Each structure stands twice: as structure tokens, then as C-alpha cells.
């Protein structure tokens, strides 16, 4: 059975508390888990950023702000576990080792942040390595990796394929510009480079696209691999 690790942005799952995107994900993740060993790492999204910003206004240190962010990711993850019901392992796991043990139940394993200073993308990248994942999918608010921020630069071009070293160059270049949000952080990219597990960065706002990609192997996004080979269809 193939192993899939998803990094699901908090802003994708909960763009707003009054406009949740959880319900469409329930049936999709449940169907995916019937054919795959599935791990989902949930981010904090805008809510985490708001809490962190407020903490900083009180001159809280960065470690404290990180802990606040982790709490929000786990709150989002807990909400997803509750929504998935019997399809999910009943607790939000708090370590990679616990995730491996929870997977023995055959349920969807959900986690949030675990370490101050580390994004949930990095958590998911390490989890992909620990589980020997067949594919690591980063579900974001953009449809792939671009040469520049497509929301600010109309000339930005999307990469269809690239290797981890090329992705690292793009991320480093974009992070050097103040105020620019990159699709993935440097630590996560370095983990992908180290473990060599294929990474797909794609738009997560419509979960049907995720299911279609896994079923057909066709996708709109950026595939990052060492050898340029398409990992789809995943080996059964």
C-alpha cells in the first residue's frame, strides 16, 4: 500500500472560521485512505499568524510565539480528526515516532506542529522521510512553485518540474526579499533534498484536485524529484 504524506495549510483547511473548507476534505481523505497509508500534517494558517503577531506586540520572545503557533496547528488538527470521525486515529499525534505507531491502526494519522522554530512543512518533510513515503504533497493556496510571487509579479512563471537543488535556489532567492511569503521554507526543502522523496506542490483549495491527481497521475503544480521521474501512478 502506498504511503502519502500531506502538508495541509491551515489557511486551506480554515480560510476563515465562518468559511471552513473541512467538509469537502472529509470524503476525499477517507477515500484516499482506503487505498493508501495516509498522514496529514495541518498548519496554523492565518489564525496562528494573528496570535503570533499579538504575542510579539506584547514583546513575547520568539520561542513563546512558536509555542502559540504550535497550539493553533494542533487545534486545527484536532478539528480535522473530529470531522473525519472513525476514519482517523482518534488523537492528534505529537511526534514522528507516535505517528508511525498510530499508522499501525490503518487510520488516517493527523498531526500539527511539534518543535518550536520548525514549520509544519518541515514537520511533514521529516515525516515523509521517517515513513518512507512514496509522495509528499504540499497543499497550498497557489498552484505550484513560481519564479516569483505570482500575486505580485504577473511575469512569474510556474515550474512544472525541478530538482531539490533548484527548488532550494528559488526559495532562498525569494526569502531574500522582505515581505515575500514562499511556498515552502528552507528547512523543509533541505529535508526533501536529503531524503529524495518526490514532492508535489499543488493548489489545495479544491480537494477534488488532490483525489484526481492520485487517481490519474495528472496534475497542475510543480513536481520536485531528484531524477525527473514521475512517481505516478503510485505503486500498490
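From the backbone N, Cα and C atoms, a Cβ is placed for every residue, glycine too.
The candidate list 44, 144, 173 contains one residue that Swiss-Prot assigns to the UMP site with 66, 114, 115, 116, 117, 118, 119, 120, namely 44. In the three-state DSSP scheme, residue 140 (ATP binding site) is classed as strand. Each residue contributes its Cα atom, and for residue 45 (ATP binding site) and residue 120 (UMP binding site) those atoms are 10 Å apart.
Under the DSSP three-state reduction, residue 44 (UMP binding site) is assigned to coil, being neither helix nor strand.
Checking the binding-site residues (10, 140, 146) against residue 116 (UMP binding site) with a 10 Å Cα-Cα cut-off leaves nothing. If you compare every pair of Cα atoms in 44, 66, 114, 115, 116, 117, 118, 119, 120, the residues listed for UMP, the longest distance is 14 angstrom.
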